């Protein structure tokens, strides 16, 4: 059935829709399936399924219903681009406080439309949120400024937070795990649980929390510097998440503000993120996105992009989210990911299709991880343009030839090298831990700095 007469209006102007402030706008890359309708007909069916319609006209439809139809307002068939305007009245709101929810946003904009028989694929690449709807989201309650404050740094441009993930990701018992934390903290700032770490039979949660608390206190006494840890509180059950968080805060006591809470936001979903945001508003909310590649990968033509995921995370209240390495690490990514980092940190930013004003909503910190080490960092910072972020380098720290503490120091020295505008090989001559990173990661060293062996007088590793 051709629904384009009802669910499409190509006379609408995007500027007018934005000025009106009553629509969420979404941009998709969509391809109709052969043998069905043309591009506009398929787009209109997609819009109907995403709002008030179905595959037939129903007798219960009235004038009010038609007034909240989602409408296709722009198409670019040559590039498979489709833009849809969703009236904000369509989106579900909390009964308890009238707030907006990402679950409803996803259900409409990327729900049943993903399984439509006449759509070969459709993927959301950007969305715009009008002020009236944006103000209904929680947004972050804490930011990187809170971590800088704990670390004793300026709360503006407080700089690079040197972090790691304890490796191996599974298999360490509580005391060896805590010992690895202590080792890294002798040179670094921040440690996170890897995403599967929790309450395994070989590493009971409470025992691990107590051991990490003791290791943090020893490291702080040894270095005279504050330290940070991000604990995974992800669970299927709201009460389990709260119980884990409360036990951590009780154990760390006067160091409670040194603790962040990590949530596997993609696999556990928006409800888990909101549980952490609302139950623990004083804690830094660390959004881990494990599993997101199933829909965000450039190889996947359905779902939504990593850019969309990060923008949703800011709305939900994530203090920080993993944003990849912009192609400088081991995970999928590209230099264009810089736009994602700016979208979640700035108050006014451009996405691939829409400009977004955040109206003073707190920023979300880019957390960089996935195959990074000291040698890759100068190029990464060049691409991003600043170093106000958290980096969690697992192998990049514990793969250092001299151990975790030296690995942490090499990461810090890499940022110092970049800020000084120095040549990395020349800088390494006066910075031992950074120099030893060349020996620790010779494959990267050969690729990035081909003459390093002669310049540093080092043998092949």
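From the backbone N, Cα and C atoms, a Cβ is placed for every residue, glycine too.
Proximity of residue 289 (substrate binding site) to non-local residues of its own chain (separation of 6 or more, Cβ distance below 8 Å) is seen for 264, 265, 266, 306, 309, 313, 321, 322, given in sequence order. The substrate binding site feature in Swiss-Prot is assigned to 112, 169, 289, 322, 369.
Sequence annotations record features per position, and here Swiss-Prot assigns active site, proton acceptor to 167 (among others) based on sequence analysis. Residues near residue 167 (active site, proton acceptor) in space but far in sequence (CB under 8 A, at least 6 apart, same chain), listed by position: 194, 394, 395, 398.
The N6-carboxylysine annotation in Swiss-Prot covers 192. The secondary structure of residue 192 (N6-carboxylysine), as reduced to three states from DSSP, is extended strand.
Swiss-Prot lists 192, 194, 195 with the feature Mg(2+) binding site.
Annotation for residue 288 (active site, proton acceptor): same-chain Cβ neighbours under 8 Å, separated by at least 6 residues, are 192, 195, 232, 234, 262, 263, 264, 265, 266, 321, 322. Positions annotated as active site, proton acceptor by Swiss-Prot, on the basis of sequence analysis: 288 (among others).
Taken from Swiss-Prot, the feature site 'Transition state stabilizer' covers 330, and the record attributes it to sequence analysis.
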Neighbour tally for residue 322 (substrate binding site), based on other Cβ positions within 10 Å of its Cβ: 28
Count of other CB atoms lying within 10 Å of the CB belonging to residue 112 (substrate binding site): 12
Residue 369 (substrate binding site), number of other Cβ atoms within 10 Å: 24
Cβ-centroid neighbourhood (8 Å) of the Mg(2+) site, 192, 194, 195 excluded: 165, 169, 193, 196, 197, 230, 232, 262, 288, 290, 392
